[in-house]
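Peer 1: Pasting a structure here, questions to come.
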Amino acid sequence: MKEEGYELIIRNGQVVLPGEVRRLEIGVKDGKIAALGEALQASPGTKILDAEGQYVLPGMIDMHVHFNEPAFGHWEGFRSGSAALAAGGCTCYADMPLNGNPPTVNLEALRLKAEAAAGNSAVDYVLWGGLMPGNLEELEGLAAAGVTGFKAFISNPGGEGEGRFREVDDDTLYQGMLRIAATGGILALHAESEAITSALGAAALRAGRSSARDFAASRPPQAELEAVARALLYSERTGCKLHFVHISTAAALELIHEAKLRGLDVTAETCPHYLILDEDSMETLGALAKCAPPLRSSSERDRLWAALAAGRVDLVASDHSPCPPELKLAPGLSFMEAWGGISGAQSSLELMFHEGVHVRGLPVTQISALISGLPARRFGLEGRKGSITPGLDADLVLLDPDAAYTLRAEDLLYRHRHSPYVGMTLSCKVTATICRGNVVYTAAEGVIAGGGGEWLRIRHSQPGI
Ligand SMILES: NC(=O)NC(NC(N)=O)C(=O)[O-]
Ligand SMILES: [Zn+2]
Ligand SMILES: [Zn+2]
């Protein structure tokens with residue numbers, strides 16, 4: 001390390017450390033957190049950020065976004081999507097292997113994905129590979145190339161066209177998990193039963209039922225619970241690490257928790273929309289609030305919060321899955337036909353603080369762990385990112401806990417400025433985001449120098465090969 005002093009000192013902030021909040025100064029050198037102390041010495045070149053009255057948090061690590069390049073950058077792309085994340089206090093994210101084309105299911109597709117991202121991301125990122133019928137032979141190569149893990153769908157992922165991402169059949173899931181286990185990797189699963197959701201969806205369409213409530217009824221909690229139970233069985237049989245994305249019910253969290261107690265290496269994610277919105281939102285907001293699994297009842301939402309408070313949720317991620325507005329809002333398009341996927345990544349951290357800390361009274365440290373420390377630990381980024389600890393990347397967010405504001409469409413930096421959260425008054429605001437010591441966003445200036453984010457390749461332990 002250079003001796004000439006800090007590039008950046010953040011003064012006067014309430015610093016959110018693992019398990020405690022302390023008024024401390026943070027010194028940054030060579031893009032890393034170099035010191036935490038009481039009165040750090042500035043040198044002539046040191047930039048000073050005054051965080052008086054604000055929290056300083058580790059940057060959010062959003063393990064679940066769909067940036068859709070190559071080929072679907074007109075839905076969302078690395079440049080616009082990562083700018084939105086930077087504005088929302090996220091300093092590292094994981095891009096899903098769909099809905100771009102080709103999906104990230106072989107080395108050539110991974111190369112195209114990495115090419116689309118390179119030089120375009122405001123913050124750092126990791127890339128998921130995909131598991132789908134026909135690509136078992138590709139898994140080891142993708143793991144060796146540094147994908148963060150593999151994503152599979154148990155239910156139909158939607159989308160159209162040749163070569164699109166497809167759900168797994170049971171044998172592909174089982175064989176895939178055996179192979180992923182051998183690389184020391186992890187499988188992320190969209191867990192809803194295809195048999196249940198496709199039968200109920202088809203029956204609703206035959207009966208001419210296509211409203212928001214009909215959509216929700218076609219993807220009941222039972223569909224999630226059944227798929228979770230089956231995947232847990234496969235995990236037990238194969239030894240494959242498992243991560244359940246966007247869990248929407250407390251019952252599924254309970255099943256996952258019981259599996260952990262039996263010794264399975266399994267984790268559960270939920271998303272801000274299951275914690276903030278409910279099935280009434282689908283009626284008031286229309287397809288802007290359509291996602292799968294669907295939003296649940298307000299009592300289910302409260303049970304999810306109770307489960308989260310009790311430690312049953314391992315991490316919170318956005319599942320930002322946007323599309324052009326006409327695929328949701330075109331006149332005459334029924335709720336059933338509209339694209340499923342919520343556009344919300346820019347608001348995740350603020351939503352979790354607004355609702356989690358300010359409304360429901362959870363500790364700041366617990367919310368911070370769910371969006372930073374725990375995802376880092378689960379996905380091989382611990383020791384590099386996820387907490388405010390000397391030696392780690394200086395990935396930091398300043399959050400003003402008293403800066404209430406009403407989210408407007410023009411505040412959004414997504415490719416398409418729509419989101420179910422537009423019009424909502426949030427009790428706090430991200431005022432600055434710092435990635436590896438670089439200030440990449442301030443509320444006053446917007447996104448600064450948008451392309452400096454790097455792909456972090458993940459090294460897996462590979463006991464089997
Ligand atoms: N094809 C998708 O992007 N689907 C996504 N859509 C949602 N969640 O509604 C997802 O992650 O399942
Ligand atoms: Zn999904
Ligand atoms: Zn998703």
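Heads up, the Cβ atoms here are built off N, Cα and C, so glycines get one too.
TrEMBL annotations: computationally assigned, not manually curated.
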Peer 1: Among Asp280, Asp302, Asp314, Asp319, which residue shares the Zn(2+) 1 site with His64, His66, Lys151 according to TrEMBL?
Peer 2: Asp319
Peer 1: Can you list the residues of the same chain, besides Lys151, His190, His246, whose Cβ falls within 8 Å of the Zn(2+) 2 site's Cβ centroid?
Peer 2: His64, Met96, Ala152, Phe153, Ala188, Leu189, Ala191, Phe244, Val245, Asp319
Peer 1: Would you count the other CB atoms within 10 A of the CB of His66 (Zn(2+) 1 binding site), including those on all shown protein chains?
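Peer 2: Excluding its own Cβ, His66 (Zn(2+) 1 binding site) sees 23 Cβ atoms within 10 Å.
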Peer 1: Listed binding-site residues: His64, His66, His190, Asp319. Which have a CB under 6 angstroms from an atom of ligand 1?
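Peer 2: Checking each Cβ against ligand 1, the ones under 6 Å are His66, His190, Asp319.
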Peer 1: Looking at Cβ-Cβ distances, which residues of the chain lie under 8 angstroms from Asp319 (Zn(2+) 1 binding site) while being 6 or more apart from it?
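Peer 2: His64, Val65, His66, Val245, His246, Cys271, His273, Cys291, Gly341, Ile342, Gly344 - these are the non-local Cβ neighbours of Asp319 (Zn(2+) 1 binding site), listed in sequence order.
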Peer 1: Enumerate same-chain residues with a sequence separation of six or more from His190 (Zn(2+) 2 binding site) and a Cβ-Cβ distance below 8 A; give 'none' if the list is empty.
Peer 2: Lys151, Ala152, Phe153, Ile154, Ser155, Pro157, Val245, His246, Ala292
